[in-house]
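K.L.:
Have a look at this one before I ask anything.
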Amino acid sequence: MVHINELPENILLELFIHIPAPQLLRNCRLVCRLWRDLIDVVSLWKRKSLREGFFTKDRCEPVEDWKVFYILCSLQRNLLRNPCAEENLSSWRIDSNGGDRWKVETLPGSCGTSFPDNKVKKYFVTSFEMCLKSQMVDLKAEGYCEELMDTFRPDIVVKDWVAPRADCGCTYQLRVQLASADYIVLASFEPPPVTFQQWNDAKWQEISHTFSDYPPGVRHILFQHGGQDTQFWKGWYGPRVTNSSIIISHRTAKNPPPARTLPEETVVIGRRRRASDSNTHEGFFWQGLWQRLRR
């Protein structure tokens, strides 16, 4: 009787290509040294990426690490819940609820235009006083372990869509912050408020930003947006928002930096805090990565 390890290595690799990554990494890699070495072979992860459509042969973009590329692609999705108002205001924290409060309406809405993606059916709309809502994304809870984020620091792509009513002016604002485990702000994107004049074309506009080469230690992402109308009309005449997204890209930092020393006093979401209060990074990279890979 032939033992499985007596099979040619190319046959074993072919078998591994068809095994789901969580089982491959959590279980198969621990069987023996031969399996561990084969599972770490670059060609295995390149072929798995091709097989699952993460990469095509005619794609010219270079890949630094095929194993990490595959893992990031398998995790990739919108980390914001209920981005298109399909569940009313569920999953959103209401930070400001001025005027007649937040409301959900169906596209295109009064004095509005259709959305570029016809799969999007609804939007959130603000009123005559400030309306703000937010979500705090816990990266560890979403499958992005500390070792993955700190060692490779994949790009974080943030997008939002906003539109005014044609008959009323309004202002829109967006704030995105990358924070540590104890909510120290490590990087932020907060562009100046956008003002739309009355009698505009009411077209939907995309606001986007990519965080690259940010400091290690990112554990949370705060996403907050909203606004109000500029004419103080009763009802819902402020900016409309929908299809918001936070996506962790497969693109990673080329030269991960050493651990960063925080300044004496640092910005914390909602307050200020001494650097000595922050937690230290823990964990062995590969063990943590294998154990935390999403099913």
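Cβ atoms are placed via backbone N, Cα and C, with glycine included.
Sharing the record's features from Swiss-Prot:
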| type | residues | note |
| --- | --- | --- |
| DOMAIN | 1-48 | domain 'F-box' |
| DOMAIN | 69-250 | domain 'FBA' |
| MOD_RES | S249 | phosphoserine |
| MOD_RES | S276 | phosphoserine |
| MOD_RES | T280 | phosphothreonine |
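Relative to the rest of the structure, where do these features sit?
P.N.:
Close to S249 (phosphoserine) in the fold, though at least 6 residues off in sequence, lie L72, Q76, P154, D155, I156, V157, T210, each with a CB less than 8 Å from its CB.
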K.L.:
DSSP three-state call for S249 (phosphoserine): helix, strand or coil?
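P.N.:
Assignment for S249 (phosphoserine) reads coil.
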